[in-house]
Amino acid sequence: MNWLFKKIGLVARQSKPEVVESLLLLSHHLESQGLHVFIDRDSVTRSQAQGLTLIDRSDFGKIVDVAIVLGGDGTMLSVARLLAPYRVPLIGINQGRLGFMTDIPLHQMLDSVSAILSGEFLPEERMLLQSTVVRDGVEIAHHLAFNDIVINRGAMGQMIEFEVFVDNQFVYSQRSDGLIISTPTGSTAYSLASGGPILHPTVPAISLVPICPQSLNNRPIAINDSSEVEFMLTRGIDARVHFDGQAHCDLMELDRVLVRRYRNSLKILHPLGYSYFDMLRQKLHWGERLL
């Protein structure tokens, strides 16, 4: 078989033995096909690592042609942020819960992966967000987000007050539990639970979704993905900004969070026959067609 990708990186969630078992099965299968397999060092234990080629996850972008994630969307998020700067595509094997991004079921893993690696796939470009936290004119933090950037109240439980600007134009001031700045990928996550819209992955938009606003006039809005969003905390003693729920930065009053689309997109490779709407219908338990 002619392979389009020959150097394959594998990542799994080590805390789940059944996931690691699937990773080892896939690794042996790919190596038997003559492919070079590199496994994330943190995905297996020392006893499981015998005979495997281990590398740090942070080195994947420099070495592999494609990365395969076995687990849930949380694992996919962390790997996506690492690989986006290198434009390395991702394949997701679902061994988590919902699996909006890890769409290949376990029982189809070997056949689907082999087909994709040989060039039979549907590519899908997904945008990321880049953010900068500014305090007293100094940039104190930089992060990427694949799903969303969330600014919210902390453990004190008090509402925060903030102002939002888009391309230096004032949009609104708000008193609420926080704000979700979401990509189309993240529109089916926290944003959706907070009343935000579902955005198709190809829609060039960023959504701004209030979290429990004091005024019911504050509604979600979608803006062009070429825009820059500026969030300024005007009142809040215990506020924090989260990046994909996996990194955070504590905020002080008058801190600003600047958000824009990241320069690179991330390519996800789906099996032939994949449909975004089929996935939504399955994950969200929508009704089937009547005719």
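All residue numbers here begin at 1 and follow the chain in the order shown.
Cβ atoms are placed via backbone N, Cα and C, with glycine included.
Per Swiss-Prot, the features are as follows:
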ACT_SITE  Asp73  active site, proton acceptor
BINDING   Asp73, Gly74, Asn147, Asp148, Arg175, Asp177, Gln246  NAD(+) binding site
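Structure coloured by features recorded in Swiss-Prot.
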residue	record	CB count, 10 Å
Asp73	active site, proton acceptor	23
Gly74	NAD(+) binding site	18
Asn147	NAD(+) binding site	30
Asp148	NAD(+) binding site	27
Arg175	NAD(+) binding site	16
Asp177	NAD(+) binding site	17
Gln246	NAD(+) binding site	14
### Task
Can you grab the distance from Asp177 (NAD(+) binding site) over to Asp73 (active site, proton acceptor)? Cα atoms, rounded to a whole Å.
25
### Task
Looking only at C-alpha atoms, tell me how far Arg175 (NAD(+) binding site) is from the residue listed as 'active site, proton acceptor', rounded to the nearest Å.
31
### Message
Need one number for the NAD(+)-binding residues Asp73, Gly74, Asn147, Asp148, Arg175, Asp177, Gln246: the maximum pairwise CA distance in Å, whole number please.
### Response
31
